[in-house]
Amino acid sequence: MHQLFWSCTVALLLSPAAAFYPYTNRFPIHRVAVQRDNKYNVVSAAKPSQPDSAGVNEDGTDFTYFASMSFGEGKQSFNMLVDSGASNTWVMSSECTLDVCTAHNTFGTEDSSTLKVTGKAFGITYGTGSVEGVIGSDTAHFAGLSVPLTFGLGQNVSTEFMSYPMDGIVGLGRGDSTEPAIDAPTFMDALKSSGAIKTKLYGLNLWRASDGGTNNGEITFGFPDSSKYSGSLSYVTTMTNSDGFWEIPIGEASVNGKSLGISQRSALIDSGTSFILMPSDDAQKLHSQIQGSYQDGERYSIPCDWKGTVSITFNGVTYDISYKDVVYTSTNDQCISNIVGRQTFGPTQWLVGDVFLKNVYSVFDFDGNRMGFGKK
């Protein structure tokens, strides 16, 4: 979610689907402590089998994926969105009096005697919402690892966050932005510089709610978890991206094995975005190969009984996206595609979120400037 949110709101039709990737800054700030009450649905992940790992929970609808993180004295755990598209980390502040904050867990000086608040302001606008507040520093505890971290305390949080269980965002993007909202080492920087991990990478496995059974979602720092994929990992070199996205070239895309005939496209891999968003012309080409589909603005209606496969090729390896992740069933008999015709960035860039990531095991390798995928 470099920006699960964007310059314009990505509150997509028929669902609260998220897109959390940052864009710009600054609004008014409110302060005063309040008791919090968090009653969101959380499908907890199984206990990780690997060291330096955390279970990745979800909301039961595959819209948001988050993990438990604590700060300072660790009195309380926070549901933090696992966001490969953002580099900044922040948590809702106990000084926020808005309804969206009182519905979530919050953090402040009353929770940790070691929290230092700088008073310096920060602000981020995402594709779906925004946050403003002040910058603080404390020890962050995540996946059994503890490191000093500078992060945001959200004092003015937009109402879009009311729809989601997360109390904040842990930024796991590449951190290349020339104007970061929080000008400090990222969480991944802190892990590497402190010696907590030898290799600056993480592996990510997302669970699909409709599969049922045990949620095996997991994030592992420093090494990939080979138990989460079959065969070997295939890697693709990342492209230069000044906004800190994990951008990689797309070799080909197809529906049921039939190529879309596109070229020179790239994918911005974002675990903080629920869907796949692409320029309108590309979305039209894709859905034209799904018989019975038709366009309705940026979204496409598709037959509820469609059982085809959408595929994307990276560095010569083709990865299939299950129909379970393409077809969204609404409250009536009509079904909607989770592949959206919206240009969020450049005319050749696709924002590729959880619709794809649920189908692979993903490795985000900072040191190697590459991404790896393993088939499940």
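Using the three backbone atoms N, Cα and C, a Cβ is placed for every residue, glycine included.
Record features, source TrEMBL:
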- ASP83: active site (ACT_SITE)
- ASP270: active site (ACT_SITE)
- CYS96-CYS101: disulfide bond (DISULFID)
- CYS304-CYS335: disulfide bond (DISULFID)
- 65-374: domain 'Peptidase A1' (DOMAIN)
- 1-19: signal peptide (SIGNAL)
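Annotated features taken from TrEMBL, shown on the structure.
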{"residue": "ASP83", "record": "active site", "DSSP (3 states)": "strand"}
{"residue": "CYS96", "record": "disulfide bond", "DSSP (3 states)": "coil"}
{"residue": "CYS101", "record": "disulfide bond", "DSSP (3 states)": "helix"}
{"residue": "ASP270", "record": "active site", "DSSP (3 states)": "coil"}
{"residue": "CYS304", "record": "disulfide bond", "DSSP (3 states)": "coil"}
{"residue": "CYS335", "record": "disulfide bond", "DSSP (3 states)": "strand"}
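Candidate recorded positions: ASP83, CYS96, CYS101, ASP270. Nearest to CYS304 (disulfide bond) by Cα distance: ASP270. Distance noted between the C-alpha atoms of ASP83 (active site) and CYS335 (disulfide bond) is 28 Å. When the disulfide-bonded residues CYS96, CYS335 are compared by the number of other CB atoms within 10 angstroms of each CB, CYS335 has the fewest. A simple way to gauge crowding: the CB of CYS101 (disulfide bond) has 24 other CB atoms within 10 angstroms, across all the protein chains here.
Comparing CYS96 (disulfide bond) with CYS335 (disulfide bond), their Cα atoms are 38 Å apart once rounded.
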